Amino acid sequence: MGRRILVVSLLCLAIFLLILTSVLVFTPAGTSFLTTTGITAPPTPTPLPLASPTPVPTPQPVLTAKGSPPDITATASLLLDADTGHVLYEKQAEKPLLMASTTKIMTALIIIQTANLDQPIHVHQDAIDRVVLDDGSSAGLVVGDVLPLRDMLYALMLASGNDAAYAITDELGGGDRTVFVARMNLFAHRLHLFQTHFNSPDGLTADSTTHYTTAYDLAILSRYAMSIPLFAQIVRTQTYTAHAPNRDLVWTNTNKLLGTYPGISGIKTGHTFGAGYCLVFSAARGQHHLIGVILNSPDETLRNKEAATLLDWGFQLPVLPPKE
């Protein structure tokens with residue numbers, strides 16, 4: 001009996017203490033009493049902030065244009081936004097192909113970046129013989145002509161002169177044009193053009209195992225080349241007159257889009273039996289710059305028409321932000 005009374009008493013005491021604690025901690029009167037007696041109530045816990053949600057990336061514009069992408073008949077083609085680096089259109093752009101005289105884009109680039117443009121270039125018999133032997137395009141040079149390298153660049157890029165290509169690279173290579181071609185391949189590697197290789201400075205070759213490129217590589221090379229003011233100036237020139245010791249030479253650009261397509265600014269034509277009709281072209285509309293490539297088109301007129309069609313289509317696209 002006494003044991004039961006003790007248990008009941010302890011239980012009542014526990015209930016009393018629990019009620020007293022609640023009053024002291026959770027009521028204003030209790031808080032005031034604790035403060036007066038120097039006892040501080042436990043601090044109210046500060047709620048933890050909610051984790052910030054992960055921001056949703058801003059959606060990028062989607063390429064849209066009036067109508068479907070153009071149907072290009074050439075084996076390979078590509079349209080590049082030169083401002084942002086975005087590929088807007090491609091057809092077999094990674095397929096290695098012969099490139100004909102679009103090779104001279106790299107030839108001119110190496111010359112501009114490494115040589116003294118005031119250096120005199122002498123035209124020797126071998127340069128003339130190669131043009132005759134290969135039935136290549138000529139700038140009308142003759143043995144004994146001596147012209148500044150700067151003028152010879154116009155012979156190379158406007159008239160697409162293979163005689164100019166041989167004369168220049170022989171002189172700059174110390175009589176061995178393979179030295180110059182090695183520089184072309186080295187620079188291609190530095191630009192990460194891993195599907196491009198050269199075996200000549202003019203592109204007049206049928207050997208697709210040692211001389212080849214892709215539409216993509218050619219566009220990247222051309223984008224770089226067009227960033228160099230002298231190169232861009234040369235390839236947008238329609239006619240140029242050079243003064244040889246005993247005569248004047250007038251060269252007309254083989255790019256028929258110059259003067260016929262609004263905003264066209266270059267850059268190089270090419271044609272051989274194996275490479276078909278090739279063209280690298282650039283144009284601007286407002287502040288929008290495009291670079292296109294057509295490789296192995298069956299016809300020159302069709303090549304030029306399809307280049308214009310690609311540009312028309314590309315200029316209808318919204319301008320995308322630069323690639324990261």
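Every residue gets a Cβ built from N, Cα and C, even glycine.
Bear in mind that TrEMBL entries carry predicted annotations, made automatically and left uncurated.
Values in this document were obtained by computation on a predicted structure and should not be read as measured data.
Copied from TrEMBL, the annotated features are:
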DOMAIN    67-297  domain 'Peptidase S11 D-alanyl-D-alanine carboxypeptidase A N-terminal'
ACT_SITE  Ser101  active site, acyl-ester intermediate
ACT_SITE  Ser160  active site
BINDING   Lys268  substrate binding site
Measuring Cα to Cα, how many angstrom lie between Ser160 (active site) and the residue listed as 'substrate binding site'?
8
Just how many other Cβ atoms lie inside 10 Å of the Cβ on Ser160 (active site)?
27
Would you mind ranking the recorded positions Ser101, Lys268 by how many other Cβ atoms sit within 10 Å of each Cβ and giving me the lowest?
Ser101
Coarse DSSP state, helix versus strand versus coil, of the residue listed as 'active site, acyl-ester intermediate':
helix
Using DSSP and collapsing to three states, where does Lys268 (substrate binding site) fall: helix, strand or coil?
strand
